[in-house]
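Report on one structure; see the data block that follows.
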């Protein structure tokens, strides 16, 4: 949520910055018009309430003097009726202002590349050697099916498209990957959390999924409850409507959860394999910190996510997304994209974002500074990492000509000493 006071004071700045994210300046004008009407009615309501108090005092005085107060009583009833009408209008306007503001994305940082598409993202760095194979690499889903460790056909039979079964060494590899991620995250100072997988609408609003992105998630019928699209939702909302003691900042959380996504608008994209599923495991990282530290925290978050890929020996690059390609809540996003030999391209495996005070305003998460003044924290989030995509990257990058897959060294202890998956 943007600061409404800032929008009032610097409308041209807001229009210019949000235009780079595809926001029509007319939307800002419409919000300001609603806000002006609301503020005007607030003044009118307060004036009439003061008038009602004055008339009430006059009625009391007339009654004490045993004088006729009928006219004043009629006047007060009319004023009270007018106040009730104005307050009803105010309630409506408040909701309209809130809704209009809730649809505006975060202000992009000045260092974010401007672009209305993903084209224009800036590569920051590359790491690792892409595997040099003397055979034609297979896609991860072909490898998994040939080894009997991934069963997409059974997933489609039981649940539909974009679901699967992990079997045998495949299930163990998935478990090895997320346990490795969690162990590395906790070693780095993150507190492990096991959160709820179903959250209420206030939580979805707090992290910015609602009201704009309801079509992207699975909601429970006849209940204001949603299956989480990411652990970011329950982790950020842990502190919703709370004041974090200053001495506890920064707070670092990590969690493994399933993520449930409808993938609305993704028809025809990545229809095979582990890249785009309706249900997948993801290890998430969330940080809360003071505003002055959030950009350093973003770099540290990104570097830590990179370290996971480095320990797995997977080649990747880091890019800064354009203004329109980064998430709705982000002021800046660094994507980590891992190399897929069969596709001969990089694919996203982590997004690390600084949401500044955007989520904190929506979720009312504050801390009290050294002067005793309440301030909004800055919240950051990043995948650490997407588990299924990591499994896919391992299958493709560690495949052998005979169809087997070598286990990365760091995962061998998690695989019970298994060094290779074979038929």
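Yeah, the Cβs are placed from backbone N, Cα and C, and that goes for glycine too.
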For the L-serine site that Swiss-Prot assigns to 230, 231, 232, 383, which of the candidates 174, 284, 292 is also assigned?
284
Candidates 261, 263, 350, 351, namely the binding-site residues, that fall within 10 Å of residue 383 (L-serine binding site) by Cα distance:
350, 351
Which one, from the binding-site residues 263, 284, has the smallest tally of other C-beta atoms lying within 10 Å of its C-beta?
263
For residue 348 (ATP binding site), nearby residues of its own chain (Cβ under 8 Å, 6 or more apart in sequence):
335, 336, 337, 386, 389
Would you count the other CB atoms within 10 A of the CB of residue 262 (ATP binding site), including those on all shown protein chains?
17
Relative to the Cβ position of residue 261 (ATP binding site), how many further Cβ atoms are located within 10 Å?
19
For 230, 350, 351, listed as binding-site residues, tell me which one has the smallest number of other Cβ atoms within 10 Å.
351
